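Feature list (source: TrEMBL):
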{"type": "DOMAIN", "residues": "4-353", "note": "domain 'Isopropylmalate dehydrogenase-like'"}
{"type": "BINDING", "residues": "76-89, 282-294", "note": "NAD(+) binding site"}
{"type": "BINDING", "residues": "96, 106, 134, 224", "note": "substrate binding site"}
{"type": "SITE", "residues": "141", "note": "site 'Important for catalysis'"}
{"type": "SITE", "residues": "192", "note": "site 'Important for catalysis'"}
{"type": "BINDING", "residues": "224, 248, 252", "note": "Mg(2+) binding site"}
Ligand code: NAD
Ligand code: IPM
Ligand code: MN
């Protein structure tokens, strides 16, 4: 039975890295006869330029019909002055929300070949394999009321609302416990329960759930400490579960443990495992168009897609092994370059992964 993957290149380096990831997906598709077909759409600034909105109804319909979505990244200076309701990022938030992609898996794994590429000491990061499970369709990103209002004294005030309902906490918590069961059986729930009531409830629900997973060890940590611990001793963690905003911030920090933000893939899943796959990084306007972006986070996101949404784990492993091989060959985009290695462009890296399949 054929499977359809919707391709959304997005903005900035998005089209450059998606082209390489698609090259790799095409290659395994042909080699292994996977029967994957494609549809194509626009998201973010690219969609604003063509349709005036960051996510069109047509693209959303294509997304609903597809088995999985591959996204590059959205946003850039060209659209930064637009009203927040029609910015590129709104399109991304809308597709996540409309498809109920509440579970965002962000694995931070250090390839041993990149131990020197991290800004942290090799002994701090070597062997690192942690998973950040970020809630993606709730919290302060979506809470109402929100906006900018004018106070009686004429001054303007910006406001957002940090909200979590029990069912939202429970479903992401379950996801984290289930993932931990397949790993090292530890969940650290990250909150700010010393200050924010929404996270007092978060902690309570995690404790309640924990009774159903006696084989998994649950601990709690405040987010400020978690940020520090991630840099001090990241290997103490197995699975970290947290809300939308904390997860966004902590995963960028965790990216640097792996050598570069250009190495961190992600899966955003609904309750049935349908999902969108994208690198954790953004559209990197500062390097867009130069052919130097690291495509590996996007290529590794394709591997996650094959594993989680397309039920093709062997093909996923094939890609991950190929990535490891090109790193063995010493090939490095500038973001992960260290002395003695061979500097390659975005497309040379993609070609090398295809050749290593
Ligand atoms: P960014 O992740 O785009 O870039 C941060 C830094 O990391 C930059 O110096 C960039 O050059 C570098 N970088 C990122 N990806 C890289 C890669 N693959 N290879 C090499 N270097 C890489 O974050 P930012 O600069 O804060 O945001 C830029 C734009 O991207 C904004 O419009 C933001 O809203 C958007 N954004 C989108 C997503 C997404 O689509 N999921 C995620 C984050 C940011
Ligand atoms: C990410 C990005 C997005 C987020 C933005 C662009 C809306 O930073 O995917 O990590 O905050 O979720
Ligand atoms: Mn982010």
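Placement of Cβ uses the backbone N, Cα and C atoms for every residue, glycine included.
Whatever TrEMBL says is automated annotation, not expert-curated.
The number of other CB atoms found within 10 A of the CB of residue 84 (NAD(+) binding site), across every protein chain shown, is 10. For residue 84 (NAD(+) binding site), the spatially nearest entry among the recorded positions 134, 141, 224, 252 is 141, judged by CA separation. Residues within less than 8 Å, Cβ to Cβ, of residue 288 (NAD(+) binding site) and separated from it by at least 6 positions along the same chain comprise 11, 12, 13, 16, 76. Rounded to a whole number, the distance between the Cα atoms of residue 106 (substrate binding site) and residue 141 (site 'Important for catalysis') is 18 Å.
In this structure, the binding-site residues that sit close to ligand 3, with a C-beta under 6 angstroms from any of its atoms, are 248, chosen from 80, 88, 134, 248, 284. Site extent for substrate: among the recorded binding residues 96, 106, 134, 224, the largest C-alpha separation is 27 Å. Here residue 248 (Mg(2+) binding site) is positioned 7 angstrom away from residue 134 (substrate binding site), judged by their C-alpha atoms. Taking the C-alpha positions, the distance from residue 224 (substrate binding site) to residue 284 (NAD(+) binding site) comes to 26 Å. The number of other Cβ atoms within 10 Å of the Cβ belonging to residue 88 (NAD(+) binding site), over all protein chains shown, comes to 27. Counting only same-chain residues at least 6 apart in sequence, those with a Cβ under 8 Å from the Cβ of residue 96 (substrate binding site) are 136, 137, 268, 276.
Classification of residue 284 (NAD(+) binding site) by DSSP places it in coil, neither helical nor stranded. Proximity of the recorded positions (76, 80, 96, 192, 284) to ligand 1: a Cβ under 6 Å from the molecule is found for 76, 284. Under the three-state DSSP scheme, residue 88 (NAD(+) binding site) falls in the helix class. Taking Cα separation as the measure, residue 88 (NAD(+) binding site) is nearest to 248 of the recorded positions 106, 192, 248, 252. Listed binding-site residues: 106, 134, 252. The one with the lowest count of other Cβ atoms within 10 Å of its Cβ is 252.
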